[in-house]
């Protein structure tokens, strides 16, 4: 597991990175995470989040455009534990999560807007690996994302921590 410091990455790569608007909180067991972006667009339905958590995710971060909904949780403890088991570096969710006490103990990076106790409906609706935009940034599958307690940044190419 790599450790990232987003202010240091911003200082080292000012012309490469885009910084997300500061609306996310760190809920995961990892205080920093980063990797290749896999995108998902869904609204109050986490069926595809669960499907992706079942896939191998080494070196990858699932970026979920949940439309900013504050009415349902797109991630809970069971899906988070499955994602960690399958090697995902983390998730950045433009929406809510639940089971925050368990997720805080899970070896997974999780950034989201807030917690909400209500689960989603399961309709199987959503789009995988599409370009999504939220928090002032456009996310493209195959680009890179880095997150810590300072914020979340995106780069078109992988970044290395400065010496």
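Any Cβ shown, glycine's included, is placed from N, Cα and C.
A 10 Å cutoff on Cβ-Cβ distances gives residue 78 (substrate binding site) a total of 12 other Cβ atoms nearby, all chains included. Among the features that Swiss-Prot reports, substrate binding site is placed at 76, 77, 78, 79, 98.
Classification of residue 99 (divalent metal cation binding site) by DSSP places it in coil, neither helical nor stranded. Of all Cβ atoms in the shown protein chains, 20 besides its own fall within 10 Å of the Cβ of residue 99 (divalent metal cation binding site). The divalent metal cation binding site annotation in Swiss-Prot covers 99 and is backed by similarity to another entry.
Cα of residue 76 (substrate binding site) to Cα of residue 99 (divalent metal cation binding site): a span of 5 Å.
Using the Cβ center of 76, 77, 78, 79, 98 for substrate, the list of other same-chain residues with Cβ within 8 Å runs, in sequence order, 73, 75, 80, 81, 97, 99, 102, 103.
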